[in-house]
Amino acid sequence: MEMSTQHTEAPYYFVPGPSRWPLLAGMSMLVVMIGASAWVNGASWGSYVNLIGLIGVLYVLYHWFGDAIKESESGLYNKRIDVSFRWSMSWFIFSEVMFFGAFFGALFYARSITMPWLADLDHKILWPDFAAHWGNIGPAGTVESFATMGPFWIPTINTALLLTSGITLTISHHAIRANHRSQAAIWLFATILLGAIFMGFQAYEYIHAYSELNLKLTSGIYGSTFFLLTGFHGFHVTMGAIMLSVVLYRILKGHFTPDHHFAFEGAAWYWHFVDVVWLGLYVVVYWL
Amino acid sequence: MFGASLLAAGMPSWAVTDSPGGPAVRQLNFQQPVTKIAEEIYSLHTMMLIICLVIFIAVFAVMFYSILKHRKSLGHKSATFHESTAVEIAWTVVPFLIVIGMALPATKTVVAMKDTSNADITIKATGMQWKWGYDYLNGEGQGINFLSNLATPREQIVDSSVAKNENYLIEVDNPVVVPVNKKIRMVLTANDVIHAWMIPAFGVKQDAIPGFVRDTWFRAEKIGTYRGQCAELCGKDHAFMPIVVNVVSEEDYKKWVDDKKKEMAANADDPTKTWTLDELIQRGEKVYSANCVACHQANGKGVPGSFPALDGGPLVLGPKAGQIDIVMHGKNAMPAWGPVLSPTEIAAVITYTRNSWSNKAAENIVQPAEIVAARK
Amino acid sequence: MSTTAVDHTHNAAHGHDHAHDHPHGWRRWVYATNHKDIGTLYLWFSFVMLLSGGTLAMLIRAELFHPGLQLMQPEFFNQLTTMHGIMMVFGAIMPAFVGFANWMVPLQIGASDMAFARMNNFSFWLLPPAAILLVLSFFVPGGATAAGWTLYAPLTVQMGPGMDMAIFALHIMGASSIMGSINIIVTILNMRAPGMTLMKMPMFCWTWLITAYLLLAVMPVLAGAITMTLTDRHFGTSFFNAAGGGDPVMYQHIFWFFGHPEVYIMILPAFGIVSHIIPAFARKQLFGYASMVYATASIAILSFMVWAHHMFTTGMPVTAQLFFMYATMLIAVPTGVKIFNWVATMWRGSMTFETPMLFAIGFIFVFTMGGFTGLILAVTPIDIQLQDTYYVVAHFHYVLVAGSLFALFAGFYYWGPKWTGHMYNELRGKIHFWGSLITFNITFFPMHFLGLAGMPRRYADYPAQFTDFNMIASIGGIGFGLMQVYFLFAVVLPTIRGGAPAADKPWDGAEGLEWTVPSPAPFHTFETPPTVK
Ligand code: HEA
Ligand code: HEA
Ligand code: CUA
Ligand SMILES: [Cu+2]
């Protein structure tokens, strides 16, 4: 097979030599998890241990990706490896879809099956006063009353922001394909900026929810699904923004060629995925 | 040590006899059904077993024939065929039809099991760690309610050296009593975690889910005592919350209802009565050993890491309002006793804990009236 | 697929290794990027977990030898049951199959390594931390989680810190599985040797490809479920709490949406292994290759539509009960196709019965029994009678121990010569097989009776009428455990250390690229791919 960017020394399929990073990453994860276990149980040392572990993970990732970038830039990655990356990123995103699926499923189940159930005739034995409407405070009266979050205006603005960021990202992609590197950098920067503004609004919305709507993580199933869905989405936006920032940095360092820039594309796919999840959230969490 | 504990158990298995209405020794099949549903389940199972056995024998007859005859050591040369669409279709379609044939008769039973309408008596059973509470909601006996605990005292359970009778795990202090040949609807719920109410002889098993009600039904056709156990992992004493149902004649049922009602009236506490400290402690000890020992232990030491000690516990020694709140409303693994016990019982058990073991709380007595006030 | 012929002009099984990436000593293992080394690590890890999980099972059986509480208190018993289940499922069986995939997939498709060698090692190195968390959890206040391997809410909310450690352990094992699956999918889709079309691919690769998709689809769902458990425990959410409008049964739906495909994750690669061994020792091509592929895919697809057969006693609406009963029973059809194809492969073959073949035949025989008890459980009314009794315990040990584990043993005997370069001792292999088969049935067959008679599972103490069968099961259990100790000391270790050298292709009926490389397989194989005609 022919490879467009093949260097002369590129092997048929590049297999990296021994590396310390996987082991160190695994051990850092152990530290992270021990710290987390202690932390959630109120041990004062937990957060520090957790943080140390996280620093370890980041340190490892920095070097690991550094190695990969070096290999890529020295032409060890041929077309076939590029295809591998494409497959892997696609299927990774698929697994992320399934992760969100669990939470969307929980929302659907709680709302369409559990709620009417709790309010039906049989359940009058337990909960005589419970009336089914979404955004209820639960049948037991253990939840403080709260107001729900509508689509106006922050979520709608946020939708616009994310959709726009999808467009700017595509413009940036076209620019890199046309080898207009500074253009690409500018539009990519715009994308990250839009993501950051999105996160700013999201943070504002949370503050608003807590301080004015009395809508909290503890606000029954509504609060649970609201915060976990939007929270995990926000976390993914952050991850996507970090990926794009790394890509931006690499563009500025002169990495990538018009036909060899999978890191860009992978991050872009991820960003679009986060975008699509948001559209789902916008409809299911805010509108319905 | 293992051998010693075996001897100490003092109950050789060969001395055990069948438990009527419960499991028999070395029983190979379902327990004797006493409801229509259980009978249907029994015959469904027999049907499934036969069909599966026939297929099993057919398939493995072919395989073992092949294993015996088509071996290299007998000089058998291998054939070269390796596919046949016709055969593949055949052994897809035939099992498909068999499976449909199995599912159809089952469908009828599923629908029948789900039909809880037109019950003569409705009983609510509440699963609690680790006992059952029963409320007769509808029909004759309406208004009766009681708790049903494992009859064997807890000290005997945890001590393998004590000799016990052979039904020690499937006996309760207060069995459910129902009349024969009447449709009984069981309404299941739970207080803390999921439990499951099962009586094998009735073909009944239904999860009891906290915060939800689910129902099932049975119509027992034979007088007798039927035994079951909790069938959903519910924490440490999952194995120690059996279910016993006495199926009695209609007359006996009437009599039982009368007696039970009289007994309840006699035991009913007047929540406005003021008790003396000793009275409360005495009463509280009973309540404690029926409801609290499982976690907090007889010596009040609890189980480190899981269940807090009451002996020297800050809540028990502190202001009584805090303890009343926890006992009434629960917290984490601690269930809410407010809806389960009477004000008198709660007052008594709190008073008991404040004056037992090494405890000498400053606020050492709680009256039922205070509990009534806290309910509001 | 057995038309697979190798063009030897391209055969790249060179013996020489590149000095720069063939490290020695401990670095070779901990910094490994070689699929064979990583495969070996996986296999050892899973074997250690089998012994650990098995030791817990021995404690369970010892306590259940006699009614009464003799060795432990019930809370500890529940911890043992839970950890036994978790360690066996996530620690022993799943990683063992990943180990097989690591070793065999590149060899079978003519690839030089896995697609992502470093990530491959990361997948592995997440497992020991998870195991450490699980083991440590026994020693924190309150001990390990005792909520059963299914971790049902709201019991999980009552558990101590050990619960959180288990949740985090599962999270990282899930991450490991997801990365491992991606690696396997990409390797299979993108790195097959020229000429190896998908429909020429060895069955083991097919079953793993499909398994990897199952993993990708369901591990994240498990992660979601236990994350909700975590937030319910510590952050006041109400997912599984009716008081706040949540529902404990919702946990079960999410868990079993993962859990049922999970059991097929543990059996499909076993089907793959058996599909290699039967043809090899019948000296006859696998019957119905294409239909085997379709059957595997059908099982996988159906597995997403049957989950609530674990929940018949939760009180679902009657329509749901019927739907899940029908869908579950349908799985018997494609599984039957596989059984029939194996039998047809043997039919008029020229069979010999070395240990791999014995384990494969044992697998078919005993797995089918487990499949039939599964089918019986699928009938809703019967399941309502049997749910959460020892009948279920019998069912799943028939499919997991005599199914998955026996297939793993079969695979070890079959491919072990390629891994170690030595032949195992045939007599000892046969002792291991017969000993395991007999003691297995002594252990688990009586559990059917116990379940039918109504003995609930997860019980530290049981009514005295159940004593005899429990004693038999305990005795069998010890025997089965000892057979595995025998396997380790009499078979595995001697085979690694020495023994008759293995030919490149020790089985005259075996087919496939893995037999074209020397035994033991050199560090690097297929650096330039072979051409498959
Ligand atoms: C490797 C793992 C594995 C496999 C392959 C299976 C296979 C099957 N299982 Fe099993 N199962 C488990 C592991 C597995 N299971 C576990 C771990 C649990 C318990 C979890 C827990 O609660 O802890 C469980 C529980 C379980 C239950 C719930 C029991 C309960 O808790 O109440 C049910 C109910 O339907 C069930 C059904 C089935 C069926 C129908 C199959 C089918 O796939 C079987 C198909 C095979 C055959 C039928 C045999 C071969 C076929 C033929 C020879 C063709 C001809 C046959 C006919 C036409 C009938 N299983
Ligand atoms: C996945 C695979 C798997 C495997 C291989 C096994 C293997 C075994 N299991 Fe199983 N088991 C499960 C999966 C598995 N199990 C699951 C998922 C559950 C449900 C958990 C739950 O309810 O939550 C369960 C539950 C379960 C129970 C029910 C517990 C209960 O309900 O309370 C029992 C009871 O007998 C049992 C027994 C055994 C035995 C005797 C073995 C034997 O095959 C083990 C043999 C191996 C060894 C013994 C190790 C080798 C020996 C040594 C290391 C030396 C020490 C040994 C001696 C001193 C003899 N298991
Ligand atoms: Cu209650 Cu088990
Ligand atoms: Cu299943």
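Residue positions begin at 1 at the first shown residue.
Positions of Cβ are set from backbone N, Cα and C atoms, glycine also.
Note that TrEMBL annotation is computational and uncurated.
Taken from TrEMBL, the feature region 'Disordered' applies to C:1-22.
According to TrEMBL, the compositional bias 'Basic and acidic residues' annotation covers C:7-22.
Residues annotated as domain 'Cytochrome oxidase subunit I profile' in TrEMBL: C:29-533. Averaged across the domain 'Cytochrome oxidase subunit I profile' (C:29-533), pLDDT in this predicted model comes to 95.
Positions annotated as transmembrane segment by TrEMBL: C:41-62 (among others).
Residues or ranges marked as transmembrane segment by TrEMBL: C:82-105 (among others).
Sequence annotations record features per position, and here TrEMBL assigns transmembrane segment to C:126-153 (among others).
The transmembrane segment annotation in TrEMBL covers C:165-191 (among others). Long-range contacts of the transmembrane segment (C:165-191) within its own chain (CB-CB distance under 8 A, at least 6 residues past either end) are made by residues 82, 86, 90-91, 94, 98, 101, 105-106, 109, 111-112, 114-116, 119-120, 122-124, 126-127, 129-131, 133-134, 136-137, 140, 144-145, 151, 201, 205, 208-209, 211-213, 215-216, 219-220, 222-223, 226-227, 229-230.
The annotation transmembrane segment is assigned in TrEMBL to C:203-230 (among others).
What TrEMBL lists as transmembrane segment is C:250-274 (among others).
What TrEMBL lists as transmembrane segment is C:286-308 (among others).
According to TrEMBL, the transmembrane segment annotation covers C:320-344 (among others). Only residues 6 or more beyond the boundaries of the transmembrane segment (C:320-344), in the same chain, are considered here, and those with a CB under 8 A from a CB of the stretch are 271, 274-275, 278, 286-288, 291-292, 294-296, 298-299, 302-303, 305-309, 312, 364, 368, 371, 375, 378-380.
As annotated by TrEMBL, transmembrane segment applies to C:356-378 (among others). Under 8 Å from some Cβ of the transmembrane segment (C:356-378) lie the Cβ atoms of residues 267, 270, 273-274, 277-278, 280-281, 309, 325, 328-329, 332, 335, 339, 342-343, 386-387, 391-392, 394-400, 402-403, 406-407, 409-411, 413-414, 429-430, 433-434, 437, 440-441, 448, 507, all in the same chain and six or more residues away from its ends.
The transmembrane segment annotation in TrEMBL covers C:390-415 (among others).
The transmembrane segment annotation in TrEMBL covers C:431-451 (among others).
Feature annotation from TrEMBL assigns transmembrane segment to C:471-493 (among others). Same-chain neighbours of the transmembrane segment (C:471-493): 47, 50-51, 54-55, 57-58, 61-62, 64-66, 409, 412, 424-425, 428-429, 431-432, 435-436, 438-444, 446-447, 450, counting only residues six or more beyond its ends whose CB sits under 8 Å from a CB of the stretch.
Against the transmembrane segment (C:390-415), stretch C:431-451 has more CB pairs under 8 A than any other of C:203-230, C:250-274, C:286-308, C:431-451. Note: the stretches the transmembrane segment (C:41-62) and the transmembrane segment (C:126-153) are in contact (3+ CB pairs below 8 A, sequence gap of 6 or more). Long-range contacts of the transmembrane segment (C:250-274) within the same chain, counting only residues at least 6 positions beyond its ends with a Cβ under 8 Å from a Cβ of the stretch, are 89, 93-94, 97, 100-101, 150-153, 202-208, 210-211, 214-215, 217-219, 221-222, 224-225, 228-229, 239-240, 296, 299-300, 303-304, 306-311, 314, 338, 342, 360, 363-364, 367, 396, 399-400, 403-404, 406-408, 410-411, 414.
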